[in-house]
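What TrEMBL says about this one:
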{"type": "TRANSMEM", "residues": "12-31", "note": "transmembrane segment"}
{"type": "TRANSMEM", "residues": "37-58", "note": "transmembrane segment"}
{"type": "TRANSMEM", "residues": "79-97", "note": "transmembrane segment"}
{"type": "TRANSMEM", "residues": "168-190", "note": "transmembrane segment"}
{"type": "TRANSMEM", "residues": "202-227", "note": "transmembrane segment"}
{"type": "TRANSMEM", "residues": "268-287", "note": "transmembrane segment"}
{"type": "TRANSMEM", "residues": "358-382", "note": "transmembrane segment"}
{"type": "TRANSMEM", "residues": "394-412", "note": "transmembrane segment"}
{"type": "TRANSMEM", "residues": "476-497", "note": "transmembrane segment"}
């Protein structure tokens, strides 16, 4: 309770609050200091380190910007299609990069396009063709923050700015759901679940992806339709037409601006190719490790259970420190340094992106869970929840989803999930429901803190650009929240059932339940 209060109130930094079990448990004789310390570094820490190495290489060599601009060029400059294009590219990037860094990268590109829109709009209203040709630099957030409504040529332009800005933070959240490494809350769930139920070999990169990818696609389409309805109206023919004849002068100039930004990147470089190859290789090795329906590459080794997704992640991350950024046998250096043997990434590049606070926060969650288990608190909590045994599984899951998505609006996502996971695990065991039936939906819904700027960092980044008010964020976010909970409930009651065998109480949970009761 002490740790949870610190997390929710944020009276001290989240990482500092996560260290509370490290001194309270040994002091009160719950766990030895060495046992608590072991909880702070797990398999997921190494998994995250490897992913951050790849993310550092992607950002250092501007591969993320190339992907983003290319996808927007394909979508075109019609407002509806432009928003959808930015959403698709943000979802894709957010699968691999953190939601925060994805938003921080995509927003300046979107802002440059919006500035072009505003500039050409003002030029049209004053019939000043010279103004329209002024190139807009990637904007300064402090300058943008003081923007006023009167600076938009028309109300419709302001609505387009609102729609595009909000679409990016929602798309980053949706993209983070797709992969087990997409957001810190997914990692927290995976590690806590595997620690509590070591015999359950059901959660890996492949099974998570199969479950969450359809959720993300449905959510992406419904969120786009909701934002379009809210800010651009229902005239989809006008805002989404791909016909060149229907393009206005301003849309043509916006497209020109995007093409200019892409041209500045120049031809694709050798480090970008290497990063792209590593990106694809990591994904393939994750998918094929233990696909479930066919033997994976781990079956080639004699000893089973030694290799995890973290093994692949760290191996490829390590190689990025080893491989030179300059093409072999090439006279011209494509590296940013003069050193011909400079590696793809340096330790400084890695250190700049590595979220140590999240690592300690996750560790604090494992330490709390270990204390709950050893002391018997989790069993006691489970017994207090026995009156809920009359409810069907879907009702228990729905209550958990609504409760988690409400709390996460005001508390940080990782802290909220870390508090709720042990409680929901104990509840599931008491009611003899498959723990995955409540844990997976709760893990997904904890990401839907999208109604306030304090809900998550991507919201704060988008809000800082000054296009949206808190009232806009609450109105749009409430709809996205409902869409998210509805789609997750649909998934867990349909394709989630055969994927995770949710109809029966599994043997790995029975064993845990019996040992807990003893």
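Note that Cβ sites are derived from N, Cα and C of the backbone, with glycine treated the same way.
With respect to Cβ pairs under 8 Å, the transmembrane segment (358-382) is most closely packed against 12-31, considering the stretches 12-31, 37-58, 394-412. Within the same chain, the transmembrane segment (79-97) packs against the transmembrane segment (202-227): three or more Cβ pairs sit under 8 Å, each pair at least 6 residues apart. Against the transmembrane segment (202-227), stretch 168-190 shows more Cβ pairs under 8 Å than any other of 12-31, 37-58, 168-190, 268-287, 476-497. Remote same-chain partners of the transmembrane segment (37-58), defined as residues 6 or more beyond its termini with a Cβ less than 8 Å from a stretch Cβ, comprise 21-22, 64, 96-98, 101, 181, 187-188, 190-191, 194-195, 271, 274-275, 278-279, 282, 308-310, 312-318, 320-321, 344-345, 349-350, 352-355, 358-360, 362-364, 366-367, 369-370. Of the candidate ranges 168-190, 268-287, 476-497, 476-497 contributes the most Cβ pairs within a distance under 8 Å of the transmembrane segment (394-412).
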